[in-house]
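Colleague: The structure is given below, and queries will be raised subsequently.
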Amino acid sequence: MVSREEALMQMINNEDYEAVCVLLKNKVNINYQNNVGVTPLLCATEKGNYRITKLLLDHGADCNGRGRLTEFHYSMGIPRHERVLEWTPLINAALYGHPDIVKLLIENGADINFRDINGRSALNTALQQSMQKCAEILIRNGAEVTPLEIATAKFTCPHLDIRKLLVERERVKKSETKNRNLSLHPAARCGNREELRELIKKGADINRQDKEGNSALHVALENGKLDCAEFLIKKGADVNIKGKNKSTPLHVAAFLGLTKIIPCLVEQGAIIDAKGDDDITPLHFAVFHSFPLCVKQLLDYGASVNAMFAGGKTALHVAVSKSSDCIELLLKENADIFAKDDLGVCPLELSIELGYDAFRKLIPGNYKILSEDGTTPFHIAAHCCRIDCLQKMIEDGCDVNIKTNCGDTPLHFACKGGVALSAVFHELPEEDSQNVEMLVQAGADIHTQNVLGMSPIHVCAKNGLVAPMRALLKAGAEINSQGGDKKQTPLHYAAESGSLTCIKYLVEKGADKLAVNSDSFTALMLAARNNHFSCVKFLLQIDVPLWIP
């Protein structure tokens, strides 16, 4: 049974264009070699069939694919010591004298200077076979001319003046270089499409970059000349070229909200998540400038909704901080409200800090949404000490004793203090116990322990927070309760973390100064062990002994 590849070779030999078209629509190895080392493209170039050659190239045939040394080559009448090895389609076309195919192969990227094992190039082959037109095309397109080629031409192509062709090639090369240096930028800036057309026709480099690194496509987009931008794209402008600030044309379109041109850029291969300076993507720009239609387009084309730029921020961080209309679009694509930036702040915390309205925009009705570690919006609200958000959530029936995977309740979070957000807003918030008081009044369990065995008062002491501790003691928390894997009291935690204010408050309220943990360490010993000298000094001043007998 004849394979598809064998049938393809047969149809090319028969020069049956329609049959070749049909076969190429099926799964066929277009670079197949038969038992005598011939590929479909080698066969077509030997036949000199321009239409079939072009068809094969359009379907991905390798224009530099090499044939094998086989019995096929003997039939060419080449002497035994000159057996052909690894001839390419270009050498083949030159051998059989098909100038139109030589030109076609060069246009499709054929290696014009490839030489076989005997050192013969396409030009050398054309000269040996007296194929003057093929030789002229090869020379004009930059084929390497050695003394061997010049000597060969004298005998085989006496009418071919190679030196004259070389001079002409240099002249054309200089002219092309001059034309490539023509700038398209002024025409792109002014929106002069006809001038762009003429300049490109003269050979202007469509991707030439100005001193800032911007191409004509960048300039056309920056100036809102969308018809010129579309024209440049259709003419082959690089849609991923990086200009000023490493911005691609898609960055510029997103920055300016140019929704009409984005499909054109993406369809021509624009990288949707291309990164500019600081790893900024087009989506970040569109969100920053609040272009919801542009944001939707980019998301529909597959933009990464949780991609991070400088500082570990996502598009949702940006949208929340600007109270943007893009928030809902991002959430629909599963933007992570718990994604922490380099300061440990997530979009949810930002929204809470901005107040209840911003918070509700981010969480329209699902307070029970969980992060990977089981944290809920209620925990975050308690941590940020936003009383308006906390009050509304309590009124809406949130469980005040809901636990994370680590067993922390909102009360545990309230006792940690809003350290992360204070870093973001460059201010140190005053200690506040309103969130603790509100949670306690709503029924929060002040004795519940997390998986580390720590109750809220231990968390307060560890974080050096007196105001929440005062509220907990007032509500009935045990001042000498033991917690954690080492069975430590609040005084132990305060001494270990070096919080002199907490130590003084606990001592004033009657904390046991001589209590020991499971390692038999007192608060004084822990303070000394951790080099908290001010704490050591205070405890010694109130006659706490260095050692317990």
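Any Cβ shown, glycine's included, is placed from N, Cα and C.
Given the structure is predicted, the values throughout are model-derived calculations rather than measurements.
As annotated in TrEMBL:
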REPEAT    36-68  repeat 'ANK'
REPEAT    85-117  repeat 'ANK'
REPEAT    118-150  repeat 'ANK'
REPEAT    179-211  repeat 'ANK'
REPEAT    212-244  repeat 'ANK'
REPEAT    245-277  repeat 'ANK'
REPEAT    278-310  repeat 'ANK'
REPEAT    373-405  repeat 'ANK'
REPEAT    406-451  repeat 'ANK'
REPEAT    452-484  repeat 'ANK'
REPEAT    486-518  repeat 'ANK'
Colleague: Given a Cβ distance threshold of under 8 angstroms, which distant residues of the chain, six or more beyond its ends, lie next to the repeat 'ANK' (179-211)?
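Modeller: For the repeat 'ANK' (179-211), the sequence-distant neighbours (Cβ-Cβ under 8 Å, at least 6 residues beyond its ends) are 217, 219-220, 223, 225, 227-229, 231-232, 235-238, 241, 243.
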Colleague: Do any residues, 6 or more residues outside the repeat 'ANK' (278-310), come within under 8 Å Cβ-to-Cβ of it, and if so which ones?
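Modeller: Distant contacts of the repeat 'ANK' (278-310): 248, 250-251, 253-259, 262-263, 266, 272, 316, 318-319, 322, 324-326, 329-330, 333-336, 339, 341.
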Colleague: Who are the chain neighbours of the repeat 'ANK' (85-117) in space, where the CB to CB distance is under 8 Å and they lie at least 6 residues beyond its ends?
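Modeller: Apart from its flanks, the repeat 'ANK' (85-117) reaches 39, 41-42, 44-46, 48, 50, 53-54, 57, 63-69, 123-126, 129, 131, 133-138, 141-144.
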